[in-house]
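Peer 1: My questions will all concern the structure given below.
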Amino acid sequence: MEVRVANVRKEFERFPALHDVSLDIKSGELIALLGPSGSGKTTLLRLIAGLERPTRGKIFFGDEDASQKSIQERNVGFVFQHYALFRHMTVADNIGFGLKVRHGSSRPPAQEIRRRASELLDLVQLSGLEKRYPAQLSGGQRQRVALARAMAIEPKVLLLDEPFGALDAQVRRELRRWLREIHDRTGHTTVFVTHDQEEALELADRVVVMSQGRIEQVGTADDIYDTPNSPFVYGFIGESSSLPVKVENGEIWLADRPIGLSAPHAPEGEATLYFRPHDVELLDGCSGCIAGTVAASRRVAGTRRVELEIGGERQRVEIELPVGHPAAQKSRVAFRPGRWKLFPAA
């Protein structure tokens with residue numbers, strides 16, 4: 001099922017939570033809505049679900065305008081962060097609940113509901129636990145039950161609101177891989193909300209980066225990480241460092257000296273240079289480079305993060321070195337960014 005969000009604005013008591021947002025989601029696609037708190041990602045998910053109505057604009061499921069339809073009429077499956085399982089029901093009854101409460105001819109026979117629950121238990125790798133209650137399950141198992149319940153109604157669209165947010169890091173990593181496998185097997189159009197960029201980049205076919213009620217960028221993990229289109233995206237996705245620079249005659253200058261980077265197509269004047277801490281070339285001398293005094297150095301897993309003070313204004317940047325690299329022992333380090341991007345000064 002294709003989903004199209006067309007020029008949607010959402011206000012809460014005149015406070016704009018979304019500003020004229022448009023987004024096309026392809027049938028069978030796994031989409032991540034990624035952003036900090038207050039970015040509008042959960043509001044957008046709830047609008048797609050039918051839990052909220054747009055102040056302006058429309059939401060289409062296929063060619064049909066679903067803007068004023070309820071969540072039941074849209075036939076979406078919704079998975080909450082905190083599972084929302086019924087404590088007094090067994091696993092099998094929780095999974096079959098959405099089918100049991102259907103009315104009239106749309107309600108399957110009890111035998112069909114049991115068959116569907118058993119089939120989904122196999123899919124989510126919980127066979128043999130159908131008679132247990134939620135309190136007898138781990139957090140990861142409860143989230144699998146919640147996903148199976150959402151899929152039981154054979155939804156047109158599957159929506160997940162920070163589905164792994166309440167779980168510890170190891171379980172989250174395992175469930176991410178599992179969810180991707182489930183999606184590839186079932187082919188549901190799936191949209192999930194997360195503030196965890198690693199989760200979004202690993203899982204999604206495309207990532208929608210949001211900030212302050214607007215979409216900043218939509219693209220694959222490679223697009224978002226390697227070619228961010230705004231200072232916000234560059235700073236929000238992955239680790240980054242930045243320096244105020246200026247462009248003169250197609251060359252990038254830091255303070256009163258060129259740093260060996262050419263920008264022939266960049267506009268002249270003040271700009272901000274962004275680069276990744278791990279993507280730098282270390283240099284012995286500094287004829288056309290960036291040099292700084294080591295202000296701090298710390299071990300981060302298999303690397304060493306070095307904080308440098310640059311220039312008279314003591315602008316600070318971070319670079320990343322292998323743990324045993326001799327440059328980490330120096331008081332002064334010279335480098336040049338490998339991949340980088342310029343944005344006009346704010």
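Indices start at 1 and increase along the chain as displayed.
Using the three backbone atoms N, Cα and C, a Cβ is placed for every residue, glycine included.
For G35, P36, S37, G38, S39, G40, K41, T42, the entry in Swiss-Prot reads ATP binding site, with the evidence type sequence analysis. Here Swiss-Prot flags 3-237 as domain 'ABC transporter', drawing on sequence analysis.
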Peer 1: Which of S37, S39 (the binding-site residues) has the most other Cβ atoms within 10 Å?
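Peer 2: Buried the deepest by this measure is S39.
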Peer 1: Given a separation of at least six residues and a C-beta threshold under 8 Å, show me what packs close to G40 (ATP binding site) in the same chain.
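Peer 2: Once residues fewer than 6 apart are set aside, G40 (ATP binding site) is near K10, A17, L18, V21, M210, Q212, G213, R214.
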Peer 1: Three-state secondary structure of K41 (ATP binding site) from DSSP?
Peer 2: helix
Peer 1: Specify the count of other C-beta atoms within 10 Å of the C-beta of G38 (ATP binding site).
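Peer 2: The Cβ of G38 (ATP binding site) has 13 Cβ neighbours within 10 Å.
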Peer 1: Output the one of G35, P36 that, of all these binding-site residues, has the highest number of other Cβ atoms within 10 Å of its Cβ.
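Peer 2: In terms of Cβ crowding, the pick is G35.
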Peer 1: Do any residues at least six apart in sequence from K41 (ATP binding site), in the same chain, have a Cβ closer than 8 Å to its Cβ, and if so which, in order?
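Peer 2: For K41 (ATP binding site), the qualifying residues are L33, L34, G35, V193, H195, V208, M210.
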Peer 1: Can you list the residues of the same chain, besides G35, P36, S37, G38, S39, G40, K41, T42, whose Cβ falls within 8 Å of the ATP site's Cβ centroid?
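Peer 2: So the additional residues around the site are H195, M210, S211.
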Peer 1: Grab the pLDDT values for the domain 'ABC transporter' (3-237) and give me their mean, rounded.
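Peer 2: Over the domain 'ABC transporter' (3-237), the predicted model scores a mean pLDDT of 92.
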